[in-house]
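Q: To start, I am sharing the structure in question, which I have written as structure tokens.
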Amino acid sequence: MNKNRKKTPNQERSAVGLPLEKVGLFLLLLSLSMLFLAFSIGYVFTRSQTSATGVYLPPIFILNSFILLASSWAMHQANKAYKADNTAGYQKALTTTMLLTIVFMGAQVVGWFYFRTQLIGDNIGNGVHYLYAISGLHFAHIAGGIPFLAIFLYNAYNKMREPMTVLLYFADPVKRMRLELLTIYWHFLDGLWIFLVLFFLLNRLF
């Protein structure tokens with residue numbers, strides 16, 4: 001037996017026994033959590049230095065929360081369909097996730113531009129730039145996840161046409177792990193957005 005045989009991705013483990021890709025994702029999520037927390041603290045500090053009210057939160061940002069929740073639910077359904085070897089359900093769930101994500105991003109751009117008068121006019125001095133920075137950073141990480149989602153979507157339709165290829169696809173442990181990691185990432189961004197919306201709403205009220 002060749003002891004120097006190259007390991008496959010699912011065999012590559014970190015010092016703590018977890019796949020390297022999973023460790024990398026957890027480190028990324030930890031870094032993002034600290035970054036958004038720093039922005040949130042910075043906003044609270046900025047507001048504490050003035051007598052201004054909280055930042056006006058465009059209603060479309062609240063609507064976007066439900067769109068992102070639906071996207072996260074669709075991603076969860078994709079995982080369930082994958083584990084159940086349900087090709088049609090898997091394809092449909094991934095397509096729904098992609099469409100909802102695109103709608104979310106489009107609505108986000110509308111919110112930035114359509115409500116710019118309210119965001120700037122009545123919010124000078126109360127840290128409105130934090131709203132743009134935080135929502136923009138979140139937008140960037142949503143956009144960063146789209147290529148990975150697109151790869152899964154492409155494979156779902158182009159590599160699952162024959163019974164044998166479908167069987168091999170669903171039996172691949174690496175694909176299963178990567179789909180789970182993408183789902184965790186999606187759920188994290190969803191939860192992060194809900195936190196940010198509630199954070200700005202509470203700061204508007206108090």
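Glycine too: its Cβ is placed from the backbone N, Cα and C atoms.
What TrEMBL lists as domain 'Heme-copper oxidase subunit III family profile' is 1-205. Among the features that TrEMBL reports, transmembrane segment is placed at 23-44, 56-75, 96-115, 130-154, 184-202.
If you look at the structure here, what lies around each of the features I listed?
A: If you look at the transmembrane segment (23-44), the same-chain residues 6 or more away from its ends with a CB under 8 A from one of its CBs are 14, 16, 55, 127, 130, 133-134, 137-138, 141, 181, 184-185, 188, 192, 195-196, 199, 203.
Residues of the same chain lying 6 or more positions beyond the ends of the transmembrane segment (130-154) and with a Cβ under 8 Å from any Cβ of it are 32, 35-36, 39-40, 42-43, 46, 55, 57, 61, 78, 94-95, 97-98, 101, 104-105, 108, 111-112, 119, 179, 182, 185-186, 189, 192-193, 196, 200.
Within its own chain, the transmembrane segment (184-202) is flanked in space by residues 25, 29, 32-33, 36, 40, 54-55, 57, 61-62, 64-65, 68-69, 71-72, 75-76, 97, 131, 134-135, 138, 141-142, 145, which lie at least six positions past its ends and keep a Cβ under 8 Å from the stretch.
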Q: Mean pLDDT across the domain 'Heme-copper oxidase subunit III family profile' (1-205), rounded to an integer, is what?
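A: Looking only at the domain 'Heme-copper oxidase subunit III family profile' (1-205), pLDDT averages out to 86.
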